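Visitor: So TrEMBL says this about it:
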ACT_SITE  E173  active site
BINDING   H172, H176, H182  Zn(2+) binding site
DOMAIN    75-272  domain 'Peptidase M12A'
Amino acid sequence: AASSPLLSSPLLSSSPLLSSPLLSSPLLSLLSSPPSPLLLPPLLSSPLLSSPLLSSPPDPLVIFGDVAVPSGLENADPCTARQCLWPKASDGNVYIPFRISNQYCKYQQSVSQVRSPTGLPPASRFTPHDRQRDFVNIQSLGGCYSFIGRRGRSQTVSLSRRGCVFPQIVQHEMLHALGFNHEQTRSDRDQHVRILLNNVIRGQEHNFRRINTNNLGTPYDYNSVMHYGRFAFSRNNQPTIVPIPNPNVSIGRATQMSPNDILRINRLYGCSE
């Protein structure tokens, strides 16, 4: 169900080029009709996301709220090996193939209208699957979740039509697929937020586990599209995440990637900033 480059250091020694961020992706056009801004839910604050995700086959095990892992690896930190980055093609670009379930087919006519943002080289794109071995398989399953980074062959990203098809949630899950974890799990998070485990649903405390991360020289970002909301996994309608030193800072309400999210993509995949 994802911050930023919250990846362990073995990933970061050298990386392929990726310089066109997800704002250029055809995924948003394919998956959603333009929603009213008033209807956009706070990220990870809707009932589907702030309560435990119910997983049943074919859904994988889900940890950290929306991060899919193979069954039996509940305590593993996903994506700690370099091969989970998407590779660079022979032309120097990075292409992430995707296949979208026909649950979304009525929106697919808009894919031909998608263009890269002005001024951004098309060095990376989510591109329609065409016989590539490794690809992202987008389906409406039991919630919003993604594996972290490239897993090989078909890997599921679930974007349930019951509450996940909003631009910021699509970006959040696709950033997971690129290799990013949640902002509030990064190694320096205790300097920026306080986690109130007494307010967390019993049995869901693991979703707030801190990870030993390489943060790519970027600051903690309350505005990241990868940050949980203040009441994520709350059992009593009290906050589970409180910013410090200013508890009134807004968190988990991003409607699109922040400048830091984009900077981290550039740094992780070794492209110009």
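Heads up, the Cβ atoms here are built off N, Cα and C, so glycines get one too.
Please situate the listed features within the shown structure.
Guide: All chains included, 28 other C-beta atoms sit within 10 angstroms of the C-beta of H182 (Zn(2+) binding site).
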Visitor: Using a 10 Å cut-off, grab the number of neighbouring Cβ atoms around the Cβ of H176 (Zn(2+) binding site), all chains included.
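Guide: There are 28 such Cβ atoms around H176 (Zn(2+) binding site).
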Visitor: Under a three-state reading of DSSP, tell me whether H172 (Zn(2+) binding site) is helix, strand or coil.
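Guide: In three-state terms, H172 (Zn(2+) binding site) counts as helix.
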Visitor: Name the secondary structure element type, per DSSP in three states, that contains H182 (Zn(2+) binding site).
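Guide: Where H182 (Zn(2+) binding site) sits, the three-state DSSP reduction gives coil.
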Visitor: In whole Å, how far is E173 (active site) from H182 (Zn(2+) binding site) when you measure between their Cα atoms?
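Guide: Spelling it out, the Cα of H182 (Zn(2+) binding site) and the Cα of E173 (active site) are 10 Å apart.
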Visitor: E173 (active site) has how many other Cβ neighbours within 10 Å of its own Cβ?
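Guide: There are 25 such Cβ atoms around E173 (active site).
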